[in-house]
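This report concerns only the one structure given below.
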Amino acid sequence: MPKLDFLTLYIVIFLNSLTVCIIWTAIAFSYRKFRPARLWLLSTTLLLVGGFVLSLQGNEGAFWPAVIGNTIIIYGFCLAFIGARYFYGQKGGWRMAVGISLASFAVMAAFHASWQGRNIAYAVGQSVPMAMTVFYLARQKSLGLGGRIAIIAFLLGIIGHAIETSLNIAAWAGEFDQSLYFSIESYALVCVIYSGMIWNFGFIVMAMNRLHGDMARVAETDELTGLPNRRHFMKRLARAELAFSEDGVAYTVMLIDIDNFKHWNDTYGHALGDQALVHFADVGVDILNRRGVLARFGGDEFSILLPGMHEHEATEIAREIVGAVNHTPLVFNGRKLILTVSIGIASEEPGDERSDLDVFARADLALYKVKQAGRNGYATRTTTVNAPRSSFSGRSLAVG
């Protein structure tokens, strides 16, 4: 078996870490609020520094460069674990990282006269945070492809260290030819070096998927109300239409306007208008209670998608929304203001006669019926229901 030069391998560690470090630097600076990237950058930076220190020991294995370099690398592995915790929204792990690193340093220093003992100490010291990361990632529900890649890579590194530990125990006991030992150990070290590249690749895939998902959510979220926007609504509607056409699953659409919104927005200012939009969004989400999707289309226009729901069920929800808006005042500058809304309802149901108008056009016609009847109510293609005027009695200001 050809023997690999250890000094060359330490230089490879340095160059691999430098490559990964450059990638994490680009990600960390491009997405400065994404803390896991900064932690993984710090982790690879420590591996870079540790690889440089290890290269100073040469092929003879100078004592202090070996101990200090491996301690730095062990702490870098611990930071990889901490970065995974932050990725899934959990903080902490810093004291544990310091404890593992200092304990490894102390054990390696204690084996001043035994290179086998030092090798076992650093192999175990590096394996502990790798194993912790494997167990932590394996417990996550949303692991994804990147997480699976990272787990496999960490396991490869642990296997490399297990081989190295076994070889050192055998060499320590005098039961293994030293020249063969160095040949096999160099390949075990290659496993660890390669695993470090691959688990960082897994982390990069995890980071890119998370950041892409965050950007997609921003692109499909209304900034003011936090509701889904038209883009998201239309994607969900396309799914409902597909379920209806293929499996006959009914769905209902509501179009909603805040009554006389432009008048109040122009009269009392955009601050009131914005607060009114947020107020209605909060009331609507509370009433829906995950039964459907409430989205803001723009201005004072909202829409609700109710997958799997028939028209008669949707009218009950519309009644709840109209009533809740009537009886939940908006407090603005110390005054209680009453908002009202108009809702048009249209559905697609199996067995219904097909219309030349799509569901949006029919919901818009129903909304027009409510406005013609005095607003503050809801309508379907056949019925119109307006809230009783008595619901406004005793209010300091009625909007609508």
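Note that Cβ sites are derived from N, Cα and C of the backbone, with glycine treated the same way.
Heads up, TrEMBL stuff is auto-annotated, nobody curated it.
In TrEMBL this protein carries:
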type	residues	note
DOMAIN	249-383	domain 'GGDEF'
TRANSMEM	6-27	transmembrane segment
TRANSMEM	39-56	transmembrane segment
TRANSMEM	62-84	transmembrane segment
TRANSMEM	96-114	transmembrane segment
TRANSMEM	120-138	transmembrane segment
TRANSMEM	150-174	transmembrane segment
TRANSMEM	186-207	transmembrane segment
Next on the checklist: Please tell me whether the transmembrane segment (120-138) and the transmembrane segment (6-27) touch - that is, whether there are at least 3 C-beta pairs under 8 Å between them, with each pair 6 or more apart in sequence.
Outcome noted: no
Item to check | pLDDT averaged over the residues of the domain 'GGDEF' (249-383) | outcome: 91
Item to check | Summary of DSSP states over the domain 'GGDEF' (249-383), given as helix, strand and coil counts | outcome: 57 helix, 39 strand, 39 coil
Checklist entry - Restricting to the same chain and to residues at least six past its boundaries, which positions have a Cβ under 8 Å from a Cβ of the transmembrane segment (186-207)? => result 1, 3-6, 9, 12-13, 16-17, 19-20, 23-24, 27, 34, 36-37, 40, 44, 47, 80, 83-84, 87, 126, 133, 144-154, 156-157, 159-161, 163-164, 167
Checklist outcome for this item: Long-range Cβ contacts under 8 Å made by the transmembrane segment (6-27), restricted to residues 6 or more beyond its ends, are 34, 37, 40-41, 44-45, 47-48, 50-52, 54-55, 57-59, 61, 182, 186, 189-190, 193, 196-197, 200, 204, 207
Checklist entry - Any residues 6+ beyond the ends of the transmembrane segment (62-84) with a Cβ under 8 Å from its own? => result 36, 39-40, 42-47, 49-54, 56, 92-94, 96-98, 100-101, 104-105, 108-109, 112, 118, 122, 125-126, 129-130, 132-133, 136-137, 150, 199, 203
